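Participant: So TrEMBL lists these for the protein:
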TRANSMEM  A:6-32  transmembrane segment
TRANSMEM  A:39-59  transmembrane segment
TRANSMEM  A:65-87  transmembrane segment
TRANSMEM  A:99-118  transmembrane segment
TRANSMEM  A:138-163  transmembrane segment
TRANSMEM  A:195-217  transmembrane segment
TRANSMEM  A:229-252  transmembrane segment
TRANSMEM  A:264-284  transmembrane segment
Amino acid sequence: MDWFELLFAAEVAVGGLLSGVMYALVAIGFVLIYKTSGVLNFAQGAMVLFAALTFVNLVERGVPFWVSVAVTLAAMTALGFGIERTVLRPLANRSPMTLFMATLGLSYVIEGAAQLIWGTQVHRLDLGISNAPFEVWGIFISTFDLVAAAIAAALVAALTAFFRFTHTGLAFRAVADDQFAALAVGLRLDRIWATVWAAAGVVALVAGLLWGARLGVQFSLSLIVLKALPVLVLGGFDSILGAIVAGLVIGATEKLAEVYIGPFFGGGIEGWFAYAVALIVLLVRPSGLFGQKRVERY
Amino acid sequence: MSVFSASVTGARLATGFSLPVLVVLSLGFVAVPLTASPYVLEAILLPFLALSLAGLGLNLLTGYCGQVSLGSAAFMAVGAFAAYNFDLRTGLPIPVSIVLAALTAAVIGLVFGLPSLRLRGFYLAVSTLAAQFFVQWALTKFSWFSNGSPSGIIAAPVIELAGLRLDSAVGRYLFSLTIVTAITLLVHRIVSGPEGVNLIAVRDNETAAKVIGVPVLRTKLVAFALSSGIIGIAGVLWAFTYLRTVEPAGFNLDRSFQILFIVIIGGLATIRGTFLGAGLIVVFPLLLGRLSAFAFDGLIDAGLIKLIERIVLGGTIILFLIAEPNGLSAILSRLSARLRALVRRG
């Protein structure tokens, strides 16, 4: 392998790492909800779609950028509280699998409603971030990807600070550690769940804006949930750090595989390759890279 | 516990052809072919039979054995394409091709069931998605599977039995119904026999099952193979008797979810529930279409109806999970109990 090929490989890997950050961004929304309520929220992708559609339609109707962000945030918060009230509360104390299936139904409802309200056409979303590549040691990196990674890092920092230093964050951690103990000391489980779902809605908004700027805002945005699932399986459903590391691992291996292994199969392997990677790692380490080790993973 | 009791009542009902089963079978084999219009056969009964069978296969795995799979449509695709290729390349009679297709789907199901030996719950559910994406990719990528057809959509062969061409809607319906009936009986035998007890033991408590000597790993793999084989045959029926084309696009993730929804709405671990669920899933969009055409006189376009259908379907799933987790089967049990009480009193 000569110097140029090596450079090319490095460029592919860096591109993969950066798109891995985008996967992690979606996965973090899952982790938030899974940690505090034990629900694998399949509707996270639908929430991303809902947030992006709401935002882009407001902007297209001439609402200023930050007002649109605020309105969408309010909508996502309302959605979180609504879901807690109508879906989670009646299903409290039911098996995690039941709740998972309920979120499957929820994803249908949100996807349908989002498109019913805002229409099914494709929207362009311009966040004003330049897409021009720049060069670092001979490797071209997309500015947009780098800014997206920075935003994701800021989001993770904010979430970490929130969990560590605020009263609500402490309550979140208490519920994640032991639901019954948290109830026993007087924490309001319903309010905490609603808040967590609202927080996941905020993460969905950020993910929706960045992914929407990249792919256009349309129905397929809700399918990024399928990109996030192998990341979650690999990183463990309950670890934010795991989601990030697994996102990076899967992003990089996926892009490298697409370039170096894909041609042998006629390409297009990105649909299942991430799942294969996750499965192989899981066969060796059943709790994922960072997941809590328990006898039963239910 | 309640799931278990529902499965017991279901078993009692069907043992040795009880009256309701006989009525349904005679209606299906005699009355329907004589009276049903081609529209009812083509648009309702044929997809209903194929989806019921797929639901039955998934129910065996998810309802009885407790392993959630999100990749059912992949095994339908494997079955359909395998049957097509066996028929095309070997010239064997169609029933033999279908059996071989079922075996192929079972083997592929076994392979994708291997993670279940180490993974549980969500980790397993997500890993079954690998089957969904891998199979769909392989079938579209390698044109050998579709015999080099440029569009990837191929006409399914006409079903021939002993020189008889089952080309008409009634012929395809009877062929489909015969297969579905036979497999339903087989599944009923399995779940009410010792193997069924093993499945339920693995579902309810794996550790306890292992302690009392249930071969947990073997039971899981058998469940995966059997379930995939049955779903594979459902794929053959879907492609050969209903659509009459074989294409990978129809066996997508939405189809997998549809089959899961059939099982949830019908009731986990009930055989008749699966048929009720499939009936609802097939009839509901048609009803919605009719209703909107009637109420709004074509003011609502088809795209909008699709969205409304999605919302109502999702809402129905949530509603069933909240209000009736044992599904339509439990509702039917209650209704028939109430009816029986009325008859006794009157």
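Backbone N, Cα and C define each Cβ position, glycine as well.
Heads up, TrEMBL stuff is auto-annotated, nobody curated it.
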Participant: Count, for each of A:6-32, A:138-163, A:229-252, the Cβ pairs lying under 8 Å from the transmembrane segment (A:195-217), and report the range with the highest count.
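Facilitator: Between the stretches A:6-32, A:138-163, A:229-252, A:6-32 has the largest tally.
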Participant: When each of A:6-32, A:39-59, A:65-87, A:99-118, A:138-163 is checked against the transmembrane segment (A:229-252) for Cβ pairs under 8 Å, which one has the most?
Facilitator: A:6-32
Participant: Can you tell me which recorded stretch out of A:6-32, A:39-59, A:65-87, A:138-163 has the most Cβ pairs within less than 8 Å of the transmembrane segment (A:99-118)?
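Facilitator: Stretch with maximum Cβ contacts: A:39-59.
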Participant: Please figure out which one of A:6-32, A:39-59, A:138-163, A:264-284 racks up the most CB pairs under 8 Å against the transmembrane segment (A:65-87).
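Facilitator: It is A:39-59, which has the most Cβ pairs under 8 Å.
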